[in-house]
Amino acid sequence: MAASFAAQVVRGRWFMAYGSFLIMSAAGATYIFGIYSKDVKSTLGYTQEQLNTVGFFKDVGANIGIHAGLVAEVTPPWVVLAVGAAMNLGGYLMLYLSVAGRVRPAPPLWLVCLYIAVGANSQAFANTGALVTCVKNFPESRGVMLGLLKGFVGLSGAIFTQLYLAFYGPGGGGDTKPLILLVGWLPAAVSVVFLGAIRIIRAPPAVARREYRAFCAFLYVSLALAAFLLAAIVLQKRFRFTRAEYGVCAAVVFAMLLLPLGIVLREEAALFKFNTRNVAARADDAPALPPPPVTTAATATKPQESAKLGLPRLLRPPARGEDYTILQALVSVDMLLLFTATVFGVGGTLTAIDNMGQIGESLGYPRRSVATFVSLISIWNYLGRVTAGFASEALLARYRVPRPLLVAGVLLLTVPGHLLIAFGVPGSLYAASVLVGFCFGAAYPMILAIISELFGLKYYSTLYNVGNVASPVGSYILNVRVAGRMYDREAARQGAVAAAGNDNKGGLTCVGTRCYRESFLVVAAVTLGAAAVTLLLAWRTRAFYAGDIYARFKEGTATANGGVAGETDAGVDSNSKSKQQAPEVHDGRRGDDPMH
């Protein structure tokens with residue numbers, strides 16, 4: 001009995017969700033670029049525009065994952081995660097060796113950009129392997145699931161900061177090069193540990209009804225973790241901690257990351273009890289059950305198959321909420337509007353996050369405060385994600401509030417944060433960190449949920465990554481071409497160039513509120529435009545969101561025992577007893593997970 005329960009836990013949906021949470025909590029290393037960017041700039045002798053170019057390629061790697069989505073369409077999730085782990089270790093290890101001076105001569109700019117792009121691209125593979133799998137396993141709770149998963153990504157910056165201070169000594173203002181090494185090996189190790197747990201698993205209806213209760217429990221644990229991290233940040237800012245005290249903080253973080261295992265055991269114990277109690281009844285009732293719903297599933301999949309047969313179908317995409325093909329989604333007006341809003345809305349928040357170190361320096365904040373800003377962004381990023389995930393799901397279910405309308409509101413809330421940076425009000429950077437972090441976190445899970453709702457889940461692995469491409473595009477336009485160039489121009493005007501050409505090891509240094517004023521006024525203006533575009537999308541989709549957008553999943557659960565008719569992506573069920581309730585229905589795209 002104990003062995004059967006242990007096997008069920010390890011192969012169950014909730015352990016899969018827990019593993020995904022841990023993978024996400026280690027997959028946000030791109031958000032702490034602001035901590036070690038000053039060392040990259042000084043040791044490699046970059047100008048601000050060159051440093052922002054490195055940051056741009058970091059964003060490119062983190063967000064361009066169409067190839068990861070295509071790989072996920074034809075391989076099980078563990079393959080995607082394994083590739084991501086290898087890229088993370090290789091890319092960041094080479095970046096560390098370059099910044100630490102272990103590579104002679106120093107690599108050229110394009111090679112450093114390649115290193116960080118490869119390392120950051122592992123985040124796209126982690127998201128595709130873990131996050132997309134979770135969304136497919138919990139289709140009726142996708143908003144909540146996206147909020148939680150993206151919330152743990154948001155917390156990862158603060159988690160990494162605590163681990164860095166514990167592993168490599170106190171200070172917060174010293175050598176940050178070891179942090180690059182930490183973000184190289186730790187995320188790869190976490191992904192490898194959970195390779196066998198992340199896969200498509202379908203649940204019986206009785207289990208699906210318990211989902212929200214379990215998600216609330218995960219939320220409470222994550223809120224406690226965020227509260228502890230916030231308290232630790234405040235205390236570390238006020239007092240100078242010893243290495244042992246930083247170690248205690250890191251130990252508490254580790255312990256709180258293990259707490260969700262109790263929720264996993266509770267949910268799997270309820271499922272185990274349910275299966276044990278009803279296995280005999282299911283066996284007795286089996287002859288009386290109606291024939292397997294193979295015809296229904298086949299009927300549901302035929303239109304999808306016929307959609308692949310000819311180009312004319314591309315000009316007549318299905319109704320919103322049905323399964324679009326990749327090309328149908330790419331040429332749709334809804335995707336164009338959503339992509340544009342993400343470019344200029346999310347791209348502006350990424351510009352603020354990537355430049356936080358230089359913004360603090362230009363406004364005269366002590367270097368120790370930079371880690372505080374990054375941690376504040378990380379925690380409020382988390383709060384924005386979980387708030388958006390749960391609140392948008394509740395408002396959609398109760399009042400049919402379109403998710404695009406909520407995204408527009410979040411983008412409008414971002415504007416004051418950009419204005420605080422632009423005008424450099426004394427002490428305002430703390431408030432700006434909170435606003436930018438919260439709004440960046442709130443917008444992202446809702447945008448990803450909108451993609452799954454409008455275009456279906458069949459090709460979500462790829463469409464999810466299509467949406468992510470918008471972020472690096474916005475980062476390049478606003479961060480490299482606008483903020484970086486304007487910073488260097490102002491630094492040159494101030495006469496802050498220590499030496500000309502490539503011999504300048506200190507790079508350009510700008511001091512004062514003028515360094516980022518014009519660039520963030522531009523960012524604020526385009527964010528207003530992005531909010532207007534999102535309002536247009538909300539108007540276009542108002543009829544769709546006024547209905548029950550999850551009706552087809554509820555119908556599929558009733559007919560296919562937790563699997564969606566025509567949308568059973570991998571055909572893997574970890575619970576053998578669940579398989580006795582009804583036959584599995586495959587869509588023919590992928591076989592069982594070879595790891596199991």
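Each Cβ is built from the backbone N, Cα and C atoms, and glycine gets one as well.
In TrEMBL, annotation is done automatically, which means it is predicted and not curated.
Annotation comment: TrEMBL describes 584-596 as compositional bias 'Basic and acidic residues'. Residues or ranges marked as domain 'Nodulin-like' by TrEMBL: 13-264. Annotated domain 'NFD4 C-terminal' per TrEMBL: 330-546, in sequence order. Per TrEMBL, the feature region 'Disordered' maps to 560-596. Annotation source TrEMBL lists transmembrane segment at 15-36, 78-97, 109-132, 144-167, 179-200, 212-234, 246-265, 326-353, 365-383, 403-422, 429-451, 520-539.
Two recorded stretches are said to be in contact when at least 3 C-beta pairs lie under 8 angstroms, sequence spacing 6 or more; the transmembrane segment (520-539) and the transmembrane segment (246-265) fall short of this definition.
Summarising model confidence by region, the domain 'NFD4 C-terminal' (330-546) averages a pLDDT of 87.
Against the transmembrane segment (365-383), stretch 429-451 shows more Cβ pairs under 8 Å than any other of 109-132, 179-200, 246-265, 326-353, 429-451.
Against the transmembrane segment (326-353), stretch 403-422 shows more Cβ pairs under 8 Å than any other of 144-167, 212-234, 403-422. Only pairs six or more apart in sequence are counted, and the transmembrane segment (429-451) with the transmembrane segment (144-167) gives three or more Cβ pairs under 8 Å, enough to call it a contact.
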